[in-house]
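Let me begin by presenting the structure, written as structure tokens, before commenting on it.
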């Protein structure tokens, strides 16, 4: 199978957040999409090994920050290559608390969306969380960061827990 074909699928790059038991969690994700408009539902797909996955499962809510094209790699790395349980990802980061209590990262974000989980779907290594939007806000008029930009312009790597990770042969 030519795994390069999967790299041709277009994705955005987002920070998915949640809070459980007083601990804020956040991670980079590329699998975020709108499902319906009435009611407005979005889905996020998170690896079961990630702290953010567990926080969403426990709290029943999540936030999504749509990243701008100019997001620095250091900022992406802060949320993409460290566990929330081992590093305070939100120290020094601009964010606000949403209606459900989840942190919404506003720094380098074009928009933020907040949702309450209405359904979960186990897809093996990951869980697809379907959420009904409770709030959304456009923060600035800027180009959004895509997964292709992350790889081509920023020379970003794919973590082992990503939905699009394939082991090298």
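The backbone N, Cα and C atoms fix where each Cβ goes, glycine too.
Swiss-Prot lists 7, 126, 147, 148, 149, 150, 151, 152, 153, 154 with the feature NADP(+) binding site. Sequence-distant contacts of residue 149 (NADP(+) binding site), defined by Cβ-Cβ distance under 8 angstroms and a gap of at least six in the same chain, are 13, 69.
Other Cβ atoms within 10 Å of the Cβ of residue 30 (FMN binding site), summed over all protein chains shown, number 19. Among the features that Swiss-Prot reports, FMN binding site is placed at 27-31, 45-52, 82-84, 89.
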Mind telling me which of the binding-site residues 7, 147 has the densest Cβ neighbourhood, counting other Cβ atoms within 10 Å?
147
Of all the binding-site residues given, 27, 52, 84, which has the fewest Cβ neighbours within 10 Å once its own Cβ is left out?
84
Please tell me which one of the binding-site residues listed here (27, 30, 49) sits closest to residue 147 (NADP(+) binding site), measuring Cα to Cα?
30
Determine the Cβ neighbour count for residue 49 (FMN binding site): the number of other Cβ atoms within 10 Å of its Cβ.
12
